[in-house]
Amino acid sequence: MNQKSHLIFTLYTIYGILLKVVASKGKPRGISGQYPLVQNMTVTEGGTVNMTCRVEYNDNTSLQWSNPAQQTLFFGDKKALRDNRIELMHASWSELTISISDVTLTDEGMYTCSLFTMPVRTAKAYLTVLGVPEKPEIDGLTKPALEGDQITLTCMTQGSKPAADLRWFRNEKEVKGAKEVNASGKTFTVRSSLQLHVDRNDDGVAYTCKVDHVALAQMPQQATEVLEVHYAPHVKIINSLVVPQEGQYLKLECMSKGNPSPDPVMWTKDGGELPDLDRMIVEGRELTFTSLNKTDNGTYRCEASNHLGTSSAEYVLYVYDVPTTLPPSTTLPLHPIPPDPTAQLGTHDPTVTGNRDPNAIGQHGTDHALIGGVVAVVVFVTLCLIIVLGRYLARHKGTYLTNEAKGADDAPDADTAIINAEGNHAHAEEKKEYFI
């Protein structure tokens, strides 16, 4: 009997389990294990953010939003916290969306969405509030700066979260500065310094400090200062003719660069005043010669000055003769003569003219005289060598005498000379002749 009762209990237990399995398949999934779904949000300070909580399956269970201080904001469609910035956007059994406008840094934190089941299911979403950096300010700029000064430009911005990045630009080219970050509550104060050794090339240059921050994607912040540099003038003279000739028009321009502008400039000739103001006209920075002549030759000096210094430049003027040309020939040349490129360019070379310089003929004559002198020296040396060689051979030549000649020194006639020659024959062996 007991065994039968135990068998029946076992069968009922198995049947109950099967019924539960079948019943669970007929119900919507997740009723007993459903969790709300939320998402972390990021908003810029002063902006608006929507917080949404969703449930895929819900059996008429309420949803609730609460702030980081665990204060209930909305329970279903019922507002629980009196804050005009918080509004209901959508409320249903599967979704609860609220809106927070004019967000401040104090709104940042963990928000909780609760699904009131048994037990209560919760999900947390973190709201990040970005602190917008203030417009940067540039300090340390002295106006005007003097050439050679050492100055330090400092750019500062406050209120950024996270800390902003500051970048320097010299006109459009980026230059590196020294960055410094200091925390101030939840925000940061950022400074960047740029050291400059000022020269005249910095005059009129724009130095810009730009703020890089994730909250400024649509509205970049920057500050710009234009550097003014005072420096002593620098002068150079530009002439309108390469080879000035008599009768031509010549203009000399005194290009002076300085800050403040070195006006007016002063022209002098050979250390004194300009001699002929009728032909030499001074207009501002320009000195004009209406018609050049030989009396205009000399050194012209342009001088400019401001309160920082004086600068000058010189131009040596030499007026050349007007070139002359040969009369045209009545016969055509066999071969065409190419045109002179210097004549086409309107330039004048004093060594190449239509009328040759007589000094050029003298130069050719000097060359021929030099060659003739060399030839004369060579001929003279050759003759001297021949004479010396002849004398040398004459001194060392042998003597050949006949018998008659051998006795001719002491004999009055030819017969006596022959006799004397025979008498002296015995001494012939004592005389020796040497031949070379």
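For all residues, glycine too, the Cβ spot is worked out from N, Cα and C.
What TrEMBL says about this one:
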| type | residues | note |
| --- | --- | --- |
| DOMAIN | 36-128 | domain 'Ig-like' |
| DOMAIN | 136-228 | domain 'Ig-like' |
| DOMAIN | 233-318 | domain 'Ig-like' |
| SIGNAL | 1-24 | signal peptide |
| TRANSMEM | 369-389 | transmembrane segment |
Cβ-Cβ under 8 Å with the transmembrane segment (369-389): same-chain residues at least 6 beyond its ends: none
For the domain 'Ig-like' (233-318), the number of residues DSSP places in helix, strand and coil: 3 helix, 49 strand, 34 coil
Stretch-averaged pLDDT - the domain 'Ig-like' (36-128): 92
The domain 'Ig-like' (136-228) - residue tally per DSSP class, helix then strand then coil: 6 helix, 57 strand, 30 coil
Secondary structure content of the domain 'Ig-like' (36-128), with strand meaning DSSP E or B: 3 helix, 48 strand, 42 coil
